[in-house]
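As structure tokens, the structure follows; a few thoughts come after it.
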Amino acid sequence: MILANDELKRLISLGRLKVEPLAPDTVRENGLDLRIGGEYAIYAYEGAVVKPCELDSARPLFRVVKADEVVIPPRNFVLLTTEEYVKMPDDVVGLANLRSTLARYGLVIPPTVVDAGFEGNITIEVVNESPNTIVLRRGMRFLHLILVKAEGRALYSGTYQGQRGVTPPKGLRGEC
């Protein structure tokens, strides 16, 4: 069941769902609109051979940029972080979607689940499929998070729990 505006506000008022900072236009009809944070990550090298199964961390492959503008080159991608620090209830799952206006410029994100019990800034991959450089601004609403009630409870305890700022991917050594 998708949670609507009144239920989202109720969960926030009870402290079960936390969104900090909480702007007046964050809670929407059927989800949360989240803003671009103050940093992003982009690959530091072009043409490198990346072998996730041999990495403990991919952080050295990325350059973290602190800026008020996010520059996304044509047919490239960046990792964006939300301005908001989110704490999900243990029985609610988030489904992340790019706001449709940005998709109309040629930006896309992969299907992304924010697990029940997750806490942290959300890092999301944004791909520019267009032939043009696209520049986004810090603080603009970019991510629409649909919240869905889960059957039962879960507690997320993964690598990205408690992340602050943009977080490059973990390595997959030992998982392949």
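Every residue, even glycine, has its Cβ placed from backbone N, Cα and C.
Under the heading active site, proton donor/acceptor, Swiss-Prot lists Glu125, citing sequence analysis as support. Taken from Swiss-Prot, the feature dCTP binding site applies to Arg99, Ser100, Thr101, Leu102, Ala103, Arg104, Asp115, Gln163.
Counting other C-beta atoms within 10 Å of each candidate's C-beta, the binding-site residues Ser100, Thr101, Gln163 are led by Gln163. Each of the binding-site residues Arg99, Arg104 was assessed for Cβ neighbours inside 10 Å, and the highest tally belongs to Arg99. Ser100 (dCTP binding site) falls within a helix when secondary structure is assigned with DSSP.
Separating the Cα atoms of the residue listed as 'active site, proton donor/acceptor' and Ala103 (dCTP binding site) is a whole-number distance of 13 Å. DSSP assigns Gln163 (dCTP binding site) to coil in the three-state reduction, placing it in neither a helix nor a strand. Counting every protein chain shown, the number of other Cβ atoms lying within 10 Å of the Cβ of Leu102 (dCTP binding site) is 19.
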